[in-house]
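Going by TrEMBL, these are the annotated features:
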TRANSMEM  6-26  transmembrane segment
TRANSMEM  38-58  transmembrane segment
TRANSMEM  231-257  transmembrane segment
TRANSMEM  269-287  transmembrane segment
TRANSMEM  355-377  transmembrane segment
TRANSMEM  397-417  transmembrane segment
TRANSMEM  437-453  transmembrane segment
TRANSMEM  465-483  transmembrane segment
Amino acid sequence: MLCAYSSYVWSILFSMIVTGAARSVVVKLAYQCGFEAPLTITMLYLLGQSLSLGVYWIQKTTSNGIFGGVYISMSFPRRRGLQVGRGGPKHKIISDLSPGRKREAQTKDPVEDVFLTNGHGEASLELLELQTKVACEGTNSSKDLDIDQELEDQQYNAAKKKLAEELERKRLSLDADLECTASDWDPLPNGSQHGLSLRSKAATQWIERIPWYYKPVIPGILNLLNSTLRWLSLIFVAASVAEMLISGMELALSVVAARYIRKRDISNTRWMGVGFVTIGIILVSFADYHNKTAEAAANEVHYDDDNGNSGGDDEIDVAQKNYITGIVLIVLQCIFSVLQDLAEEVFMQASDFPPTLLLGMEGMFGLIFGLLIYICFGEKLGEDPMATIAILQEDPYMSAWLVGLPFLFLVTGIFNIKATEVTSSMTRNVWKNLRTLLVWIAALCIFYMSGNSDIGEAWLMPGSFYTLVGFMTMSGGIVVYYWHKKIEIEATDAMPLQRTDHEVL
């Protein structure tokens with residue numbers, strides 16, 4: 001098995017793939033229906049991400065229950081949540097004592113602290129039962145204090161020593177289970193540590209100098225640039241082709257960024273996988289270029305200038321220019337997207353920033369800057385806000401369509417950033433490639449089932465076969481990229497206690 005992820009991680013990755021594909025299809029359909037307003041789509045995108053602040057607030061206020069002054073966190077299992085080994089569920093206990101209880105806790109016998117934790121600031125239900133047994137032993141023994149104080153003390157200490165030994169055996173057993181594997185309940189608490197070293201830690205020390213609430217500004221600005229270029233590129237490039245190019249380029253660039261910015265150690269096998277993905281990108285680009293020029297040649301039309309003379313750019317030249325424009329936009333978008341993903345990874349994994357809060361704050365910062373640009377310079381950038389409002393007033397169906405977009409963007413954004421949290425930005429970009437197939441299938445189905453040649457994508461001969469070969473090459477690159485994981489897992493199967501996080505990247 002190449003990727004021994006837990007079911008929790010698989011559910012995050014699957015949801016990220018499906019919702020991301022739906023997002024691309026919905027936006028492309030809006031463009032094909034005549035609503036070519038990428039800046040408006042960008043504002044809706046940032047608005048949807050900003051709604052994640054509400055999700056964070058709901059999560060924070062409802063995910064914890066109060067039981068006798070102790071919170072048992074159960075939502076989004078991470079550092080403060082549910083952790084499970086092969087021995088079963090284990091609950092991390094977060095103390096929330098009143099001042100009186102804190103004073104009482106400070107006066108406890110230090111020996112009794114052994115019964116509160118397993119040595120890592122965590123306590124299991126089994127360990128709490130042992131603590132209760134100690135309390136019962138102590139209570140029963142104290143009743144006989146007047147009869148024979150010395151005998152009672154000996155019995156109490158003997159019981160305490162026996163239970164302490166039992167507690168230590170239980171702790172060692174639980175720790176061994178946790179070191180063996182992450183169970184179906186427990187995603188990697190702090191993302192993928194694969195390839196990280198002391199140099200990686202030193203490379204991210206600069207983030208500690210940034211005030212906590214200003215950290216989302218960096219990915220927020222990158223998010224604004226990334227989203228604007230992404231939605232603008234869909235005007236010039238087919239949705240499936242854009243998804244292929246974006247996913248492939250982001251994978252290749254994320255590996256480069258992880259190596260030279262994050263200082264991760266990248267194996268030769270993975271570099272080989274990136275090479276195959278790059279070849280697939282070239283094939284897909286060639287196929288799209290072939291499709292554009294072939295379609296333009298079949299419908300070649302010469303445009304007249306103001307004097308009525310035939311001249312200027314014909315349709316082939318226009319198609320070529322549109323293709324080049326789309327490719328340039330996609331390349332720039334991928335650069336900003338990879339930097340944004342890497343910033344999110346560092347802030348969540350090195351600074352323990354809650355993912356929904358980070359998503360909401362970067363969306364909010366991007367929306368503030370974006371609205372200023374949209375209102376002040378929208379018309380100069382080719383999109384008049386008042387004209388957009390007029391179009392929406394005339395078409396109630398399009399208005400309803402766009403009202404639902406922020407919520408789709410919200411759900412997609414949450415799964416995207418959760419995928420980065422539980423794995424890494426590099427792994428997220430690997431699995432994003434599977435969105436391409438869903439987008440392509442959806443576009444083909446829409447074209448042939450709707451009866452409307454203006455929406456969806458047609459199967460073109462032979463260009464679509466070139467695209468298919470490119471996609472298969474990219475998929476082969478992903479298999480090569482992950483092949484080393486199988487070798488590592490097989491090599492460590494005989495030494496389960498030494499396995500760490502090779503199962504999750």
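Cβ from N, Cα, C; glycine included.
Cβ atoms under 8 Å from those of the transmembrane segment (437-453) belong to residues 17-18, 21, 24-25, 28-29, 238-240, 243, 459, 467, 471 of the same chain, restricted to positions at least 6 beyond its ends. Outside the transmembrane segment (38-58) by six or more residues, the chain places 27, 30, 223-224, 227-228, 231-232, 234-235, 354, 356-357, 359-364, 366-367, 370-371, 374, 378, 381, 383, 385, 388, 402, 405-410, 413-414 with a CB less than 8 A from a CB of the stretch. Ranked by number of Cβ pairs under 8 Å to the transmembrane segment (6-26), the listed stretches 231-257, 269-287, 355-377 are led by 231-257. For the transmembrane segment (269-287), same-chain residues at least 6 beyond its ends with a Cβ under 8 Å from one of its own Cβ atoms are 241, 244-245, 248-249, 251-252, 255, 327, 433, 463-464, 466-467, 469-484.
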